[in-house]
Amino acid sequence: MTVNELKEQVLEGNFISREEAEWLAAQSDKEALYEAAHEITRTLASEEFDMCSIINAKSGRCPENCKWCAQSSHYKTKADVYDLVDKEECLRHAKYNEEQGVARFSLVTSGRKPSGKNMEKLCEAARHMRRHSSIQLCASLGLLNEEEMLALHDAGITRYHCNLETAPSYFSNLCSTHTQAEKIRTLKAARNAGMDICSGGIIGMGESMEQRIEFAFTLKDMEVQSIPINLLSPIPGTPLERQEPLNEEEILTTIALFRFINPRAFLRFAGGRSQLSTEAVRKALHIGINSAIVGDLLTTIGSKVSEDKTLIEEAGYRFSDSQFDREHLWHPYTSTTDPLPVYKVEQAEGATITLESGQTLIEGMSSWWCAIHGYNNPVLNHAATEQIGKMSHVMFGGLTHEPAIELGKLLLPLVPPSMQKIFYADSGSVAVEVALKMAVQYWYGKGKEKKNNFVTIRSGYHGDTWNAMSVCDPVTGMHSLFGSSLPIRYFAPQPRSRYDGDWDAGDSMELQNIIEQHHEELAALILEPIVQGAGGMWFYHPQYLREAARLCKQYGLLLIFDEIATGFGRTGKLFAWEHAGTEPDIMCIGKALTGGYMTLSAVLTTNEVADAISNHSPGVFMHGPTFMGNPLACAVACASVRLLTSPVYDWQGKVNRISMQLREELAPARQLPQVKDVRILGAIGVIEVTENVDMAWMQRRFVEEGIWVRPFGKLVYLMPPFIIEPEQLTKLTSGLIKIIKEML
């Protein structure tokens, strides 16, 4: 066993044992240990330094007898004693720290726990700070229960801090008025309430190195990702006032061991570090400290933010604009009070994206399925540059332009022959809105105003705008929250006959029953043909589309195909309707239409639908987006469609190669106990697991593996760019399987 071997073991994703950690602690070559810990930090931990500040919102008169603490009423110290500060004082400190670039601000109070009255005041202080500041809020208020944690979380506090302080085997030597088990229950209550947890302790209170290692493993087993490391500052009047301070080598060794044991955690410099030399602080940052509490601390002197920043930047860490992002930019499907981490992209090229840190990730999502040609494509770049020199935008009402005309000419030969009219829109969701409005206005023109409702199938997804949400699954879909407010639609069961399986004739019976009973009020049936995307990544049998088309024709419904995700080759056919050979009355396309460069969608329909709308009052289709037919987007779309359909590009060959490779390389996932299903269609690969994934954990692990994959629910899937190289795709598939194995 060597230090280097244990380092490589950690870098490969395998934890060291307690015995191995004790062996590391005993090594005389400390520099080798420090450098190994440094490499683990640089490879696995965040290079973006995390700073937190605190306000001691209530001081002194604590009934607990913690031997290290100046706040305890059991000891005579010179610690300040004051009651809870008001919310304006809290806000003043929060805003000051926000201006200094500090990411988090923590409310800290002395005592076992606040009174009910003080809890209300603290919650109001948190709400007050959230109203007037965007700094992320933490709290350390003692031993709280889950109900109290929920109140804090509702007030805007997203992280709870409760130090375990030391090893389980040593805690009773330091405190007898509460137990470490009570602290652990507090942390579990915070997690149950939806908060992150922060927990560490104080080293140098008489514990052995073996007990520090025991402590580090306790935190690892609890999966704590923010670990404050305090150095005991013996305070006159406390039982530990004469405790011999640790020497700098022992402190640095402890930090290195904590990094080996908790390789991805934020190791947070907290109290007592002022006793270290500047050189020792620099070395601690080099070894593994990648977070700090700045400013004045609870019972010891802190440090100035500016001084900390200088040392931190000298150590090679960075402060990113992502703090502004966290505080002010609202990302899709993301909490503003407790946002998932975001990774700042500096450049994208081909099938890769490069982060601010310099790390390059293989792109597995095609930027939510639209960047089929990858990034920075010279053909699309040229089209955008050329068009922007002529005209970036002009209204489409009363005017037209060559890019819109040319795009229409390119699209019509690719879609069903009956599609003869094209309506340009802004996005996929808007395209669905347009399609639904077309269907209603069609029947209005036919004198059947009561035909204004819709039928669809469960587990579908059609977008985030109002009517689009109404035809998404109302129970399991992303928009179930709005169910009571949305128009009530009719939902048939999800088809259970797999694309690659046998057709069950009973699969469409419930759809038939609904249409038979309600056809007089139904304007249309809307479906994602063959592939249900964000609703569950399910691939169903083509015969279902044929049966759906038959029912629509028999009972007088329009048939709408939402091809926004499936269009332009993703399923192995240029459009998914081709799998069944059934033509819709209205068809929505988007996403890959511009190769992922710009937002643009289109709704195509038949002359019959367009004529019925146009020949009856009000004589026009009642829709007109501001950016409809945007020339810049149309020009790029023309370039993308030409590129895709050119013989040299050979999109079918590319998609077939990706499909075959996905089938081969994802097949081993079927043997994993946590995997329910593996399914492949065209350039789509899906692994369905048995439990909902931990999004934050899995996203971070994928980034650490050098791949960009964004799972949701129980689905981990790939929709790579068509231009991805085989070795890049192998990195994606192997990374997927590796991380899914870690879910055990």
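From the backbone N, Cα and C atoms, a Cβ is placed for every residue, glycine too.
Pulled from Swiss-Prot, these are the features on record:
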DOMAIN    44-270  domain 'Radical SAM core'
BINDING   Ser106, Cys138, Cys198, Arg268  [2Fe-2S] cluster binding site
BINDING   Trp368, Tyr461, Lys591, Gly624, Arg710  (8S)-8-amino-7-oxononanoate binding site
BINDING   Gly428, Ser429, Asp562, Pro625, Thr626  pyridoxal 5'-phosphate binding site
MOD_RES   Lys591  N6-(pyridoxal phosphate)lysine
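Known features from Swiss-Prot, placed on the structure.
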residue: Ser106; record: [2Fe-2S] cluster binding site; DSSP class: strand
residue: Cys138; record: [2Fe-2S] cluster binding site; DSSP class: strand
residue: Cys198; record: [2Fe-2S] cluster binding site; DSSP class: strand
residue: Arg268; record: [2Fe-2S] cluster binding site; DSSP class: strand
residue: Trp368; record: (8S)-8-amino-7-oxononanoate binding site; DSSP class: helix
residue: Gly428; record: pyridoxal 5'-phosphate binding site; DSSP class: helix
residue: Asp562; record: pyridoxal 5'-phosphate binding site; DSSP class: strand
residue: Lys591; record: (8S)-8-amino-7-oxononanoate binding site; DSSP class: helix
residue: Gly624; record: (8S)-8-amino-7-oxononanoate binding site; DSSP class: coil
residue: Arg710; record: (8S)-8-amino-7-oxononanoate binding site; DSSP class: coil
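Cβ environment of Gly624 ((8S)-8-amino-7-oxononanoate binding site): Phe396, Gly397 lie under 8 Å away, each six or more residues apart in the same chain.
The separation of Tyr461 ((8S)-8-amino-7-oxononanoate binding site) from Ser429 (pyridoxal 5'-phosphate binding site), Cα to Cα, is 10 Å. The binding-site residues listed here (Cys138, Trp368, Tyr461) include Tyr461 as those with a Cα within 10 A of the Cα of Asp562 (pyridoxal 5'-phosphate binding site).
Within the set of binding-site residues Tyr461, Lys591, Thr626, Arg710, the entry lying nearest in space to Ser106 ([2Fe-2S] cluster binding site) is Arg710 (CA atoms). Taking Cβ-Cβ distances under 8 Å and a sequence gap of 6 or more within the same chain, the neighbours of Trp368 ((8S)-8-amino-7-oxononanoate binding site) are Lys591.
Apart from the site residues Ser106, Cys138, Cys198, Arg268, the chain places the Cβ of Cys52, Ile54, Arg104, Ser140, Arg159, His161, Ser226, Pro228, Ile293 no farther than 8 Å from the centroid of the site's Cβ atoms, the recorded [2Fe-2S] cluster location.
There are 24 other Cβ atoms within 10 Å of the Cβ belonging to Tyr461 ((8S)-8-amino-7-oxononanoate binding site). Rounded to the nearest whole angstrom, the C-alpha distance between Arg268 ([2Fe-2S] cluster binding site) and Thr626 (pyridoxal 5'-phosphate binding site) is 50.
For the binding-site residues Arg268, Lys591, Arg710, the greatest number of Cβ atoms within 10 Å around a candidate Cβ is found at Lys591. Residues belonging to the domain 'Radical SAM core' (44-270) score a mean pLDDT of 95 in the model. Under 8 Å, Cβ to Cβ, and six or more positions away along its own chain, Gly428 (pyridoxal 5'-phosphate binding site) finds Gly463, Ile564, Ala565, Cys588, Gly590, Lys591, Ser601.
When the C-alpha distances from Pro625 (pyridoxal 5'-phosphate binding site) to the binding-site residues Cys138, Cys198, Tyr461, Arg710 are tabulated, the minimum falls on Tyr461. Ser106 ([2Fe-2S] cluster binding site): 24 other CB atoms within 10 A of its CB, across all protein chains. Note: the CA-CA distance between Cys198 ([2Fe-2S] cluster binding site) and Arg710 ((8S)-8-amino-7-oxononanoate binding site) rounds to 26 Å. Of all the binding-site residues given, namely Ser429, Thr626, the one with the smallest number of surrounding CB atoms inside 10 A is Thr626.
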